[in-house]
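Below: one structure, written as structure tokens.
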Amino acid sequence: MTSQLPAFPRFVFTIAEPISLISGTIGAVVLPRYFITAQTPTPILSFPEQSLLVAQQLGNMYFLAFLLGLFVLHSTTEIKVVRSYLWALWLADIGHMAVTCRVLGWEESVNILRWNEMTWGNLGATGFLFAVRSLYFLGAFGRDGEDEEDKRGRKKTRAKKEL
């Protein structure tokens with residue numbers, strides 16, 4: 001299926017994003033204390049122990065997103081399914097960035113010189129993925145698979161752009 005996506009979004013959605021999701025999984029599950037304390041540019045010095053549970057559960061959700069991406073993008077030949085999956089992620093990107101900005105506040109959210117690696121992940125990487133998804137939906141990378149003719153002049157049908 002991934003061959004039906006234009007080259008750049010295919011690279012981003014099938015290679016770069018899964019690497020990002022596995023990184024989030026490892027950080028939250030293996031290093032939950034660090035994961036919690038680094039959520040803001042000014043480190044959190046103390047937190048309730050229940051935060052460890054929440055961080056590791058979030059890591060599990062990153063892993064779920066990783067698996068869904070692999071399964072959807074590498075198993076379906078239906079561009080409609082892929083586009084629906086990408087729309088869901090596009091909406092989740094908005095929520096992820098909105099929550100991060102609300103908690104950090106305007107000053108911290110726009111001051112990229114003060115961002116730590118977590119803020120770069122929460123705002124920088126998510127913003128990049130949101131931008132690539134937006135440009136993909138706008139057709140900036142070219143069209144998805146479409147009807148082509150084979151050597152004998154018969155139409156070969158590839159998945160058509162939908163949604």
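Yeah, the Cβs are placed from backbone N, Cα and C, and that goes for glycine too.
TrEMBL annotations:
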- 3-143: domain 'DUF7704' (DOMAIN)
- 12-34: transmembrane segment (TRANSMEM)
- 54-73: transmembrane segment (TRANSMEM)
- 85-105: transmembrane segment (TRANSMEM)
- 125-142: transmembrane segment (TRANSMEM)
- 144-163: region 'Disordered' (REGION)
- 153-163: compositional bias 'Basic residues' (COMPBIAS)
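Counted with DSSP, the domain 'DUF7704' (3-143) comes out as 113 helix, 0 strand, 28 coil. When averaged over the domain 'DUF7704' (3-143), pLDDT in the model lands at 95.
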